[in-house]
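Visitor: This is the structure, below, for whatever I ask next.
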Amino acid sequence: MGNNVVVLGTQWGDEGKGKIVDLLTERAKYVVRYQGGHNAGHTLVINGEKTVLHLIPSGILRENVTSIIGNGVVLSPAALMKEMKELEDRGIPVRERLLLSEACPLILDYHVALDNAREKARGAKAIGTTGRGIGPAYEDKVARRGLRVGDLFDKETFAEKLKEVMEYHNFQLVNYYKAEAVDYQKVLDDTMAVADILTSMVVDVSDLLDQARQRGDFVMFEGAQGTLLDIDHGTYPYVTSSNTTAGGVATGSGLGPRYVDYVLGILKAYSTRVGAGPFPAELFDETGEFLCKQGNEFGATTGRRRRTGWLDTVAVRRAVQLNSLSGFCLTKLDVLDGLKEVKLCVAYRMPDGREVTTTPLAADDWKGVEPIYETMPGWSESTFGVKDRSGLPQAALNYIKRIEELTGVPIDIISTGPDRTETMILRDPFDA
């Protein structure tokens, strides 16, 4: 039995993590975010009602679940207050269910200004960030000049630290990026207005998780973005600014790494990517348009159209290695309904003619890489909403089996629609 279960994306994000986390939290007592910020976009559909969460863990909708934002998350007070209000307006008592680590770095207005100024300066070489200040906030954290939730307990010292760091960043904005300076007093006033709310939710997360482990409580760790966007192991520099792999759980929450029991990789039945960066299996034809339309592939956070392509098992195998995956949850299988044939990328052809079955490391090494496909028969029958494996077409079952063969990891959960009831749990991670 696994008490601590990690749910993370195995591709470039947008795999459908939110629904699965919400489904599995029926048995969890805690749900923990351990990296990223409000650049995430987790969509839940419950009884036909759609909820999009960017910062607060997906377990917040559950009455008996405590949601935790761990130290690995960069926290925007403005984004958190907005999300809290939206949920509270719907009758969800967020403050009774949400806890924060005092070590969470704060995202403030100058981080957003820097993010946008840098993307503008890059021009055609822009990374495609969400423009929400995520990267600059992590940069401040590593440079040891960042302000954290815990700093809000001493308001006078916070004001002094803020003044110092803003002088540094405003100098960059004005003199290097030729942008407007950010107003110190406004940032201070806005932050002080919510300081007491933030500090009232602070808890020692590492200690709480250790006590939960000793009691045998079920804990779900909710990843954001996807493995191939990891700052160290992704398609650098077209990556996010945090560790999206399973290793980020320990550093981003304070849980001892030996206590991770099961890692569930969310795997979309095809591939998508938002923004710039390598994508060997990308489709530019009518099939790509079909996947985009049928899958409603527009970002929950940015609204941007996602790039689409066939499932890339070479890249997914890298995710298997990096995360020591226990099992997959296959999502959006129904999007492939109606295609005469489906393809799996099983290898890459390098510019020098070599065939490889492992991914390059840096973005520059992906240049000229061509996908090598294996083609399988598609299916005309609908898989939408199917709740039993026996109800799937044989061609869909063959597709599932081939993914398992190519990756060496079992598919333990199959999602056939956006509602949490439209799911087959073949093996429950908490029972594995």
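Glycine is treated like the rest: Cβ placed from N, Cα and C.
Under the heading active site, proton acceptor, Swiss-Prot lists Asp14. What Swiss-Prot records for His42 is active site, proton donor, and it gives sequence analysis as the kind of evidence. For 13-19, 41-43, Arg306, 332-334, 415-417, the entry in Swiss-Prot reads GTP binding site, with the evidence type sequence analysis. Per Swiss-Prot, the feature IMP binding site maps to Asp14, Glu15, Gly16, Lys17, Asn39, Ala40, Gly41, His42, Thr130, Arg144, Gln225, Thr240, Arg304; the stated evidence is sequence analysis. Annotation source Swiss-Prot lists Mg(2+) binding site at Asp14, Gly41. The feature substrate binding site is assigned by Swiss-Prot to Ala300, Thr301, Thr302, Gly303, Arg304, Arg305, Arg306.
Show me how these features fit into the structure around them.
Guide: Asp14 (active site, proton acceptor) falls within neither a helix nor a strand when secondary structure is assigned with DSSP, and so counts as coil.
According to DSSP, Arg306 (substrate binding site) sits in a coil region rather than a helix or strand.
Its own atom aside, the Cβ of Asp14 (active site, proton acceptor) has 27 Cβ atoms within 10 angstroms in the protein chains shown.
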Visitor: Could you tell me which of these binding-site residues, Gly13, Gly16, Gly41, Gly303, has the greatest number of Cβ atoms within 10 Å of its own Cβ?
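Guide: Output for this query is Gly13.
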Visitor: For a quick check of understanding: given the listed IMP-binding residues Asp14, Glu15, Gly16, Lys17, Asn39, Ala40, Gly41, His42, Thr130, Arg144, Gln225, Thr240, Arg304, what is the maximum Cα-Cα distance in angstrom, as an integer?
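Guide: With Asp14, Glu15, Gly16, Lys17, Asn39, Ala40, Gly41, His42, Thr130, Arg144, Gln225, Thr240, Arg304 as the binding residues for IMP, the largest Cα distance is 34 Å.
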Visitor: Determine, using Cα-Cα distances only, which of these recorded positions is closest to Asn39 (IMP binding site): Asp14, Lys19, Arg306, Leu333, Thr416.
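Guide: Answer for the nearest of the recorded positions: Asp14.
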Visitor: Please give me the recorded positions out of Asp14, Arg305, Arg306, Thr416 that lie within 10 Å of His42 (active site, proton donor), comparing Cα atoms only.
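Guide: Hits: Asp14.
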Visitor: Can you count the other CB atoms that lie within 10 A of the CB of His42 (active site, proton donor)?
Guide: 25
Visitor: Go through Thr130, Gln225, Thr416, our binding-site residues, and report the one whose Cβ sees the most other Cβ atoms within 10 Å.
Guide: Gln225
Visitor: Which one is it: of the binding-site residues Thr43, Gln225, Leu333, whose Cα lies the shortest distance from the Cα of Gly303 (substrate binding site)?
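Guide: Checked the binding-site residues Thr43, Gln225, Leu333; minimum Cα distance to Gly303 (substrate binding site) goes to Thr43.
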